[in-house]
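Each remark here refers to the structure printed beneath this line.
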Ligand SMILES: *Cc1c(COP(=O)(O)O)cnc(C)c1O
């Protein structure tokens, strides 16, 4: 998709806030190593933009979901450690080895097929263990043992570097399912040979459960917290310890006074009750500013101004207290004067969770690093 660089609408990304969140996460979890999930366009913040600054921010490795995300990072000249979190079709095993990805594997059959097609370059293997997410990975000790034995017997093609599990509810005040998964994890790995990377902590586990994970808490494999979002939304931890990593801003492209009785935008659902100054903004659901955000209070010149009328694909309207010049800055998410719009505010308004808000930002939005 085309990035709209000749348009005021932009995401201003803060490197210093990302670095702060990395340090905070390491401090709270005690993890020495932090791998940042940059899958799905770095949760909407920009895959390459975030990957390029990650190391300077104290990130020790990157985690992506699909092979192509990893390849895009390599092609941008970044040689950082990369973990592929999702399963890949075995026919691509040679590509994963060529790019030196730590590659997630869920079955012995996969390893057997890969063994037939891998060449001189060894594949770095990360074994997925299913303790209750029921998405990928082996479920029994026997299966895990068989995989480990196979890797050892075929060390010409494989290096057994990683093992992990993924928690389905690590950010819930009711932690019974977490405890069940944790106990299952320790049962499954008991007595087996562990590789150098044993990693089980996602954001919730890193924030609230690291002390309950002895021997398995030196690596945090996280996204949400580093992007400034407290995963329990303040229930299990303070909401203001992490820093927001971006502001979303735009500027008025058109300003006019309209009389009472006029409908605004598609469907004419919002009708003016008196003379009203209306500003137009160059952002819409085509940029990932979803229809659910209708009527959110935007910030202009340190004042709250209600967005009015249906959000269109590329534009939307805002009610102004008085006339403003074209080009006036509008803050959709971020600070303006004494007010701040956070992802939580938008979540409360719309019901859309913070990570879904950012991941919906489309490629058309211009992204820039500002500090
Ligand atoms: C996305 C993902 C993560 C990161 O999760 P957060 O909750 O955002 O920290 C970790 N592990 C796996 C397997 C994932 O898919």
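The backbone N, Cα and C atoms fix where each Cβ goes, glycine too.
Predicted, not measured: the structure shown is a model, and the values here were computed from it.
Reduced to three states, the DSSP call for residue 39 (active site, proton acceptor) is helix. Cβ contacts within 10 Å of residue 39 (active site, proton acceptor), excluding its own Cβ and spanning all protein chains shown: 20. Annotated active site, proton acceptor per Swiss-Prot: 39 (among others), in sequence order, evidence recorded as similarity to another entry.
What Swiss-Prot records for 266 (among others) is active site, proton acceptor. Residue 266 (active site, proton acceptor) falls within a helical segment according to DSSP. Around the Cβ of residue 266 (active site, proton acceptor), 11 further Cβ atoms fall within 10 Å across all displayed protein chains.
Annotation comment: Swiss-Prot describes 135, 313 as substrate binding site. Neighbour count (other Cβ atoms within 10 Å of the Cβ, all protein chains): 11 for residue 313 (substrate binding site).
Residues or ranges marked as N6-(pyridoxal phosphate)lysine by Swiss-Prot: 39.
DSSP assigns residue 313 (substrate binding site) to coil, not to a helix or a strand. Annotation note: residue 135 (substrate binding site) sits in a coil segment as assigned by DSSP.
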